[in-house]
Ligand code: SF4
């Protein structure tokens, strides 16, 4: 039976009963973090974990990170949000992408990319004594929420930290992230992050420019 991650999350949030557990929230960028922080900071003490060795080039990685930090400093939240940067170990990403370089976004390379980032988050959550971990990634219409939740559930068992089931694009989450991005004037990148998605973006632009 198909799982309804939003309903699972609703039920979990009801069960918190006013307590504010510690959540390690993996985040890829400020626009995706905006709605998720607005939503979850009502319920959790959040540490935002920026672990994205997939992002190329390094200047882009840093630019996205600075926007995340600015968002945290400007967004009004019930419980203060902390920030933690992971390691920019880009060679780990390139090793897992090997043989999948030409695949379009949404395939096996992306699933391995989700797993890399979620596993690092699960490890950090375990090491930091967090109650839960999850990721902002499911807010994007281009990301596979089923796969993300499948990976998260497996890591929950492996590392003994609960995974917060989620599909943040539901309940107009994606729409709200666009509104918040405009409100806070957030930098919205036009490619997912890796060098392969950047090349895909460049090809798209070339075709567009050629046909106009
Ligand atoms: S397209 Fe995005 S999700 Fe897929 S491998 Fe590249 S950075 Fe990761």
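Backbone N, Cα and C define each Cβ position, glycine as well.
Caution: TrEMBL annotation is automatic and unverified by curators.
Here's what TrEMBL has on this protein:
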- 28, 29, 110, 113: [4Fe-4S] cluster binding site (BINDING)
- 192-194: disulfide bond (DISULFID)
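Known features from TrEMBL, placed on the structure.
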residue: 28; record: [4Fe-4S] cluster binding site; Cβ neighbours (10 Å): 24
residue: 29; record: [4Fe-4S] cluster binding site; Cβ neighbours (10 Å): 28
residue: 110; record: [4Fe-4S] cluster binding site; Cβ neighbours (10 Å): 24
residue: 113; record: [4Fe-4S] cluster binding site; Cβ neighbours (10 Å): 25
residue: 192; record: disulfide bond; Cβ neighbours (10 Å): 21
residue: 194; record: disulfide bond; Cβ neighbours (10 Å): 23
Residue 113 ([4Fe-4S] cluster binding site) and residue 192 (disulfide bond), compared by Cα position, are separated in whole Å by 11
Given the [4Fe-4S] cluster site 28, 29, 110, 113, its other Cβ neighbours within 8 Å of the Cβ centroid, in chain order, are 52, 54, 55, 114, 117, 137, 140, 143, 192, 193, 194
Between the C-alpha atoms of residue 29 ([4Fe-4S] cluster binding site) and residue 192 (disulfide bond), the distance in angstrom, to the nearest integer, is 10
As a whole number of Å, the Cα atom of residue 192 (disulfide bond) is distant from the Cα atom of residue 28 ([4Fe-4S] cluster binding site) by 9
